[in-house]
Amino acid sequence: MTVEGRVVLITGAAGGIGKVLCKMFTELGDRVAGIDIVDPSKVQDAALALQADVSKADQIETAIEKVIQTLGPIDVLINNAGLADDTPFEQLSHESWDHDVSLVLRGNYLTQRYVIPHMAKQGKGGSIVNIGSVNGHIYLGSPAYSAAKAGLENLTKALAVRYGPLGIRVNVCAPGTIWSPAWDERFKKHPDVGDRMKRWYPVGRLGTPEDVARAVIFLADSKNSFITGTTLYVDGGLLAGNPCLIQDIYSENNNFVF
């Protein structure tokens with residue numbers, strides 16, 4: 001793994017995946033700047049912690065300028081901020097729709113809008129990893145979140161093509177279900193939901209923040225300079241096929257072992 005003492009900017013840095021991203025990039029020897037909407041004290045393992053709402057242009061522009069002034073030019077941007085409202089579509093308020101789309105899609109647009117010119121100016125390229133989701137490919141609830149994640153994939157492709165000649169790579173890491181603190185309340189209310197969800201994954205388990213972080217580190221590595229405009233799925237085989245359906249289809253076949 002290439003370690004260059006890079007400046008790595010991570011949004012959503014106080015969440016389950018964000019905390020692990022900060023920790024693992026710091027362990028690589030990188031200087032990490034963590035941005036989150038919550039109090040900066042919640043951001044751990046970062047050389048610089050800032051509070052900002054990524055969907056607010058003035059806040060994110062100010063935060064990015066602070067990162068550059070304090071740590072230097074940004075080499076790696078990881079857009080990890082996001083939130084999903086699982087309200088059924090017919091009950092979803094306009095405000096909730098706007099909030100999810102603004103946070104996931106507009107937030108990613110804004111961070112890249114302000115970081116890419118700096119990357120281009122420094123003349124040595126850079127790597128951007130947008131945290132997508134399998135929700136951007138199949139419907140698993142959260143319609144606004146799903147629509148925004150699908151849009152993020154096309155934005156990623158557009159930016160990869162536009163800025164590839166400048167050595168700026170843009171990719172998506174799309175996780176499946178990741179067992180993080182965000183799921184704690186749901187698991188408390190429905191203790192069996194975790195086991196039921198595992199049945200949908202060919203590998204027989206849910207993902208961890210570490211699974212996602214390792215994939216992001218791979219995409220961010222400058223050694224992988226021929227990888228851009230693509231999506232790396234960290235989904236335990238979820239999009240490859242449905243083991244529950246297969247099991248039902250072949251349930252009467254004694255020769256089928258699953």
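A Cβ is built for glycine as well, from the same backbone N, Cα and C atoms used for every other residue.
Binding of NADP(+) is attributed by Swiss-Prot to Ile17, Asp53, Arg113, Tyr145, Lys149, Ile178, Ser180, and the same site annotation extends, among Asn80, Asn224, Asn242, to Asn80.
Each of the recorded positions Asp53, Lys149 was scored by how many other Cβ atoms lie within 10 Å of its Cβ, and the smallest score goes to Asp53. Within 10 Å of its Cβ, the residue among the binding-site residues Ile17, Ile178 with the fewest other Cβ atoms is Ile178. Here Asn80 (NADP(+) binding site) is positioned 12 angstrom away from Lys149 (active site, lowers pKa of active site Tyr), judged by their C-alpha atoms. Around the Cβ of Arg113 (NADP(+) binding site), the number of neighbouring Cβ atoms within 10 Å comes to 15.
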